[in-house]
């Protein structure tokens, strides 16, 4: 069976559209400069990573060996001994966050999840799906959690086992919650570290902070219990995916033996994409530490360039420390639609992902924003 000429033409038209718009993205955190051509031959196979990559699986076409090496890499990156960790390649950041919240709920079934107003919208869905108690915490103007409000609400709830959802780079403002302050503040309430759970959503910044000179606290050495990072954001992937890493002793609590695949399952989803672990493996094996560092540095420099250009025109643009997200006043609908910007209330942002090898798209956006805001002020 073959496609009709009409259907083939439809695919050809979509191909041309994708080629034309491959590097369009300036408003969302996805890097488009990836090349997984070497993996194209594997697309003829149904590769399924159901279950635990650390065990034998009766489904032979899996990429477990590659997934294991991916997890070794991220355990090292996030400062936890590999043998004390467990995680997997997820379908994206939301699944990683759900996994972290699920672990927290299983450890503290009656605990309350605390997350800030700047937290990704998916967490509200996770709260409903897990049927977990939750409390919304105020945010500071820069997008960081309001730590005083967090403590006030833990005290108000008389919560003895809080489950903390910390943002390591918020979606809109790129803010990083200070997990050192969070832990110190909870300690001052008389709650011991073993009596609460701390998950870190590092969807974008999880591949930035390990490669900068002065990172904010974010990893296991700094006190977290689990962390999620996206694969299609700073790394880049044609298929949305992510990586979640947690403490093995906590994951063992949710392990279930599945007889018909002859394996244990600890994951959220059953069947899992076996191609994305190959992509993440190729990405980490083909980039040295220094190459990642230069890639991140270039993006941070481009973000600062955008801030400087905005500010030189009298526009109140800014970014958080170690963030490639540049926040500025929301322009008119015509401008934000033209440049496919993400907007929230009275602000918009651009994200200086790694495929911006020069400033041309950023300059074009800034020129339009400057002209637009002048027009609005006239």
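Each residue, glycine too, has its Cβ placed from N, Cα and C.
Counted within 10 Å of its Cβ, the other Cβ atoms near residue 120 (substrate binding site) come to 19, all protein chains included. If you look up Swiss-Prot, you'll see 120 marked as substrate binding site.
Long-range C-beta contacts of residue 233 (N6-(pyridoxal phosphate)lysine), restricted to its own chain and to partners at least six residues apart, with a cutoff below 8 Å, comprise 29, 30, 31, 203, 204, 207, 353. Taken from Swiss-Prot, the feature N6-(pyridoxal phosphate)lysine covers 233, and the record attributes it to similarity to another entry.
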